[in-house]
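J.: Here it is, the structure in full.
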Amino acid sequence: MGISKALRSLLILLLLNITFFFGHVTPGATVKPCPPPPAKQATTKCPRDTLKFGVCGSWLGLVSEVIGTPPSQECCSLIKGLADFEAAVCLCTALKTSILGVAPVKIPVALTLLLNSCGKNVPQGFVC
């Protein structure tokens with residue numbers, strides 16, 4: 001019983017395809033993993049509206065008169081939920097644009113007072 005020419009041609013073609021496929025696949029080939037996404041850069045912009053930080057200015061005027069008086073809830077609620085760095089950036093921006101009416105020389109002190117009074121810390125190495 002003989003195999004027909006068409007079937008024989010089909011089998012030869014199939015064998016050639018299998019040979020070609022396995023002949024070109026290297027046994028040690030590995031898939032290169034995707035590189036990890038870049039680390040999230042610390043933003044240098046305030047995620048909140050800087051003009052709203054004007055409510056913190058009235059408290060800064062009272063610091064010299066009544067030491068220990070906490071800033072208004074409005075002021076602290078603006079930085080609530082922000083990381084220390086983000087809160088520092090927001091207050092620094094507000095201080096630099098004179099929204100809070102602080103002399104440039106007193107900006108680092110005012111920034112520290114506001115952040116600490118609202119339960120935040122000035123990040124290490126942060127310069128306003």
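Cβ atoms are placed via backbone N, Cα and C, with glycine included.
Sharing the record's features from Swiss-Prot:
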type	residues	note
SIGNAL	1-23	signal peptide
DISULFID	C34-C90	disulfide bond
DISULFID	C46-C76	disulfide bond
DISULFID	C56-C75	disulfide bond
DISULFID	C92-C128	disulfide bond
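Give me the lay of the land around each of these features.
T.: Long-range neighbours of the signal peptide (1-23) within the same chain, counting only residues 6 or more positions beyond its ends whose Cβ lies under 8 Å from a Cβ of the stretch, are absent.
Applying an 8 A CB threshold to same-chain residues 6+ apart, the list for C90 (disulfide bond) reads C46, P47, R48, T50, F53, L78, I79, L82.
Cβ contacts within 10 Å of C76 (disulfide bond), excluding its own Cβ and spanning all protein chains shown: 20.
DSSP assigns C56 (disulfide bond) to a helix. The Cβ neighbour count for C56 (disulfide bond), using a 10 Å radius and every protein chain shown, is 27.
Proximity of C92 (disulfide bond) to non-local residues of its own chain (separation of 6 or more, Cβ distance below 8 Å) is seen for I107, L111, C128, given in sequence order. According to DSSP, C92 (disulfide bond) is assigned to a helical segment.
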J.: Whole-number Å only: compute the distance from the Cα of C34 (disulfide bond) to the Cα of C76 (disulfide bond).
T.: 42
J.: Based on Cβ atoms within 10 Å, give me the single least packed residue among the disulfide-bonded residues C34, C46, C75.
T.: C34
J.: What does DSSP say about C46 (disulfide bond): helix, strand or coil?
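T.: Assignment for C46 (disulfide bond) reads coil.
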